[in-house]
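Copied over from Swiss-Prot, here are the features:
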BINDING   G11, A12, G13, H14, A15, G16, V123, S178, Q367  FAD binding site
BINDING   270-284  NAD(+) binding site
Amino acid sequence: MDFKYDVIVIGAGHAGCEAAAAAANMGSKTCLITMDMNKIGQMSCNPAVGGIAKGQIVREIDALGGYMGLVTDRTAIQFRMLNRSKGPAMWSPRAQCDRGKFIWAWREILENTPNLHIWQDTVEELIVENGEATGVMTCWGVTFHAKCIVLTAGTFLNGLMHIGHKQLAGGRMAEPASYHLTESITRHGITAGRMKTGTPVRIDGRSVHYDLMETQDGENDFHRFSFMSEPRKLKQLQCWTCFTNEEVHEILRKGLPDSPLFNGQIQSIGPRYCPSIETKIVTFPDKPQHQLFLEPEGETTQELYLNGFSSSLPMDIQLAALKKVPAFKDLVVYRPGYAIEYDYFDPTQLKHTLESKIIKNLFLAGQVNGTTGYEEAGGQGIIAGINAHINCHGGEPFTLGRDEAYIGVLIDDLVTKGVDEPYRMFTSRAEYRILLRQDDADMRLTERAYKLGLVKQDRYEHLCSKREAVNQIIDFAKTFSIKAALINDALESLGTARLTHGCKLIDLLNRPQITIENIAGHIPAFKAMLDQITDRKEEVIEAAEVLIKYQGYIDRERMIADKIHRLEAIRIKGKFDYNSLNSLSTEARQKLMKIDPETLAQASRIPGISPSDINVLLVLLGR
């Protein structure tokens, strides 16, 4: 059998789903190949989406016309906005989801996406002709031809799971690994490596003593992941927290000789910011306890996920240690925690479009690029899908800058700096956090995606109405004058200083004690104007208030970003033989030859490139 498509996507995880949907929605005839149609969009580890910096990425995916935010809102069983005590640049949405419903929500979307066909099979070989990816062959002997291939294979490439001394081949528990595909790619010159991740035990909730834990409730305000205001339909559930203790740690320490992480069985590097419980007790031997979070797997299941107890120790040691936690003294588990090693490809071999520099029309996204996390995968997936479509049908490459999106920061870090451990996004990785807030992802990105043809008319009209309402509030605040005598009693009741003379409303709103909501009731004209906003009123008010209170910081950060843009405009790719530039340091020559940066700004971000190296390049360019 022989099939022809514009775009083929290999793997239906979070990167693959977004890539396939983006390419198909833009008009490419697309085929999504997955080993198991019942595992589309599977949450391989914790049943949650979002978190610090990750939540911003999900909102960016949504603003671009992707689906992770919509799927999350439809299947959320608990929502929280993290970092509320900090400024809005740090606010990050997070939701617990129903794992089973999450899969079926994704499948329903994909099965109803025009131009998209799903095929259940395992890809074994990438077909490359004259340096271009032209198709794939599957284990069933089916050949698929395409103009572009997007590889989103997650942890399945030569996946190997570890529980104690026991090793099992597979990409996830009870699921087969993918063989031969890595080798069919590396034979063309692409470099591969190995990484490791892990997951904790899954618990039978009927065996837990909930009265011995602290509850953690969600929030029920207006916040969502999607800007399309998807209502929450599922029952909102609690999470719980508890702690390990010295008895737990002692059992774990005795089991270390049987730990694949410490007996030499696992050589790959795992995620720094999601360490196993055995790594925690070795790295922090003086810490008497570690916090654990018990998270529901769904609305109608007893299965619970134990966040904070990732482990690859033998099953009996995991269980014995957990039973020393009072809430788990009668614990029953569904399956143990395990570690998994898998292949990834050096992301410095990619362009910012996520197309390979070595094999034309081959795109890579997700964990195959050395990242960890559903959100990071989804963000890469939508960019890869967009650019695969553009490669097929023509147009300018679509990339996002570091001042435009966390997705832009993520991809620039990958292709410029590379990875030596699984990469996770944090707000600290972004230079322009106040420009990349979760509340304005639509303002930043939706119009660009609309011009691409990815965002539909209804979403674009949503953006336009929101922008108009936000500007209306800000314009009113800038022009409306307030007399001191009419507002001073209200100001005093709100805990802020009285006025000595009249002022503009915006001057009051810049006070920390004053919000749009608490002052509007004292200014009838302002309240009447706000009452005219009927569509997503709370979201509009929040967006306007952030812009009013933080405008000075926003302007300052934009000015810094604009200065960096001048370096972004200086293109250097193909202009130098770095090896012959003796005025550069040896390290700089080696790094510049490897990365081959597109612009001077990208060169400046390469680890090991000093300001003096950049000055050398500027001089050679005649600047």
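Every residue, even glycine, has its Cβ placed from backbone N, Cα and C.
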DSSP-derived structure type at K280 (NAD(+) binding site), helix or strand or else coil: helix
Proximal but sequence-remote residues of the same chain as G11 (FAD binding site) (Cβ under 8 Å, at least 6 apart): I33, T34, L151, T152, A153, G154, F156, G366
Least buried by Cβ count (within 10 Å) of the binding-site residues S276, Q367: S276
Distance in Å spanning the most remote Cα pair of G11, A12, G13, H14, A15, G16, V123, S178, Q367, given for FAD: 18
Cβ packing number for R272 (NAD(+) binding site), 10 Å threshold: 12
Euclidean distance between Cα atoms of Q367 (FAD binding site) and S276 (NAD(+) binding site), Å: 19
Pairwise CA distance, K280 (NAD(+) binding site) versus V123 (FAD binding site), rounded so that it is a whole Å: 38
Rounded Cα-Cα span from F284 (NAD(+) binding site) to Q367 (FAD binding site), Å: 28
Secondary structure at V123 (FAD binding site), reduced by DSSP to three states: strand
Among G13, G270, the one of these binding-site residues whose Cβ has the fewest neighbouring Cβ atoms within 10 Å: G270
Residue pair G270 (NAD(+) binding site), G13 (FAD binding site) - Cα distance, angstrom, rounded: 20
Among A15, V123, C274, the most crowded of the binding-site residues [Cβ within 10 Å]: A15
A15 (FAD binding site) in three-state DSSP notation: helix
Spatial neighbour of G13 (FAD binding site) that is closest, considering only the binding-site residues R272, C274, F284 and their CA atoms: C274
